[in-house]
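A.B. asks: What TrEMBL records for this protein is below:
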DOMAIN    23-465  domain 'Major facilitator superfamily (MFS) profile'
TRANSMEM  61-81  transmembrane segment
TRANSMEM  88-108  transmembrane segment
TRANSMEM  114-136  transmembrane segment
TRANSMEM  148-169  transmembrane segment
TRANSMEM  175-197  transmembrane segment
TRANSMEM  209-230  transmembrane segment
TRANSMEM  236-257  transmembrane segment
TRANSMEM  278-303  transmembrane segment
TRANSMEM  315-333  transmembrane segment
TRANSMEM  345-362  transmembrane segment
TRANSMEM  374-396  transmembrane segment
TRANSMEM  441-460  transmembrane segment
Amino acid sequence: MAPSALTPGRAPGDRFDARTLSLLTVMVVGPILALLDASIVNVGIDRLSRELDAQLATMQWATTAYLLALVVAMPTAAWLTDRFGGRTVFVGALMLFVAGSALCALAWSAESLIAFRALQGLGGGALEPTMFTVLARAVGRERAGRMVGLVGVPLMLGPALGPLVGGVILERLAWQWMFLVNVPLGLALIVCALRVVPDDRGSEGAPAPIDAFGIALLTGAAAALVLGFSQAAEHGFGTAAVVSSLGGALALAFAYLRWARRRGSRAVVDLGLFRHGGFLALTGANLLHGTVLYPLLFLVPLFFQQAHGTGPLEAGALLVPEALGAAAGFNLGGRLVAAHGVRRLVAIGLSVYAVALVPFALADATTAHVPLSIALAVAGLGFGVSGGSVLGAVYGTVPPRSAARASAVTFMSSQIGGAVGIAVATVLLGDDANAAPRHGTAFAAVGVVAALGVLSAPLLPGRRRRER
């Protein structure tokens, strides 16, 4: 049988052929740009607040608005991919991301920058789930883990390298270049995507009509949840704004569950998806991975800056060992999941991650950088093995026709977990974050959550038998 538009072909020994490798290479660059931009601004918040004459608390919304837009874009991208095809959505998301980046560079106030960051996030949020949808359909279930292992390497480097890239730009160039750097890269990528990504419109059959009300409920619930935890990080969990946001999120989520039950397979996220071979447990694992990773990326630069007095550029550079370890682990986890099963790899990976955080829980201002850097590399390796195996298991579990919706759920759960983890870590730091022991408490809490993930590993699906 000839390969379809979404199946570039198989090389001998089940390796990826040249066409598939070209597809992987082109598509992974878009999410890398979006992931870099999610963290690149973090090191520039102080300078942006001075340049745009805004309070630091106001300028933090440039990061929050981007995160909210990412979450809102994901379920919408799933329906758009089924309706218009992966190439159309991927290129459209890139255009939106590039336009948002250019407008961010032209921002004249904090409010305009926040608005343009939201526009940028709407494009960026669609890139990663759309990429994984297209690639999962292209390579098939049996090679999904190998695909995840390959693309996971650069994706794991993105969030950690963002602060480093941002620090370099801010030391040598105007702040606008944090955004302008995306424009030529994004335009070049659009040209490459139009040439390399196959036109897959209609490859999965006629899509259901758009579930506009379901999208509104689901994105509203996710945005309210992320917003609530972001506010909790600043004001604590007891304020009226936080309680109303989290309460609204629960109400909207409950309303969506009732609506999706009535809509069945026509819902933007069909609840029947969770009946596929442990997908519910895998979604929970993705939520947990977001909960333990994002706080680490937040806490490590903060610890080195506040307890060790390092500058933003050096603090960002100290995340590189974690990124390298995570890249190696993600590749390993994706490749091994078919042979060894997700349960074993999650248990091993999260155990390594939890143990590697012990030096940070015990560290103070006198602790040398070298052992902490080694601990970060080991933590990254453990996280990568666990996270890569879970993502490989997701695309090895759901049928290709459900890949778009599975992508939306997978990445929404990770982002929500990240918002929860950062909020809790910030609350644990307390008002006097300069005291090293409070950093240790936050690191210890992240390690405890990872250890709980080890205990829950038996709930994950067993090893899939290879299809013949």
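From the backbone N, Cα and C atoms, a Cβ is placed for every residue, glycine too.
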A.B. asks: What mean pLDDT does the predicted model reach across the domain 'Major facilitator superfamily (MFS) profile' (23-465)?
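C.D. replies: Averaged over the domain 'Major facilitator superfamily (MFS) profile' (23-465), per-residue pLDDT gives 83.
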A.B. asks: Using a cut-off of under 8 Å between C-beta atoms, tell me which stretch among 61-81, 114-136, 148-169, 278-303, 315-333 contacts the transmembrane segment (209-230) the most.
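C.D. replies: The listed stretch sharing the most Cβ pairs with the transmembrane segment (209-230) is 61-81.
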A.B. asks: Below 8 Å between Cβ atoms, which of the listed ranges 61-81, 88-108, 315-333, 345-362 makes the most pairs with the transmembrane segment (374-396)?
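C.D. replies: Result: 315-333.
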A.B. asks: Counting only CB pairs under 8 A, let me know which of 88-108, 114-136, 175-197 has the most with the transmembrane segment (61-81).
C.D. replies: 114-136
A.B. asks: Near the transmembrane segment (114-136), which same-chain residues lie under 8 Å Cβ to Cβ, leaving out any that are not at least 6 residues past its ends?
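C.D. replies: Here the qualifying positions are 6, 23-24, 27-28, 30-31, 33-35, 37-38, 41, 61-63, 65-74, 76-78, 80-81, 86-87, 89-90, 92-101, 103-104, 106-107, 144, 147-148, 151, 155, 179, 197, 200, 391, 395, 400, 403-404, 407-408, 410-411.
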A.B. asks: Where else in the chain does the transmembrane segment (88-108) make close Cβ contacts, counting only residues six or more beyond its ends and a cut-off under 8 Å?
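C.D. replies: The answer is 27, 30, 33-34, 37, 52, 73, 77, 80-81, 116-117, 119-127, 130-131, 134, 176-177, 179-180, 182-183, 186-187, 189-190, 193-194, 197, 199, 201.
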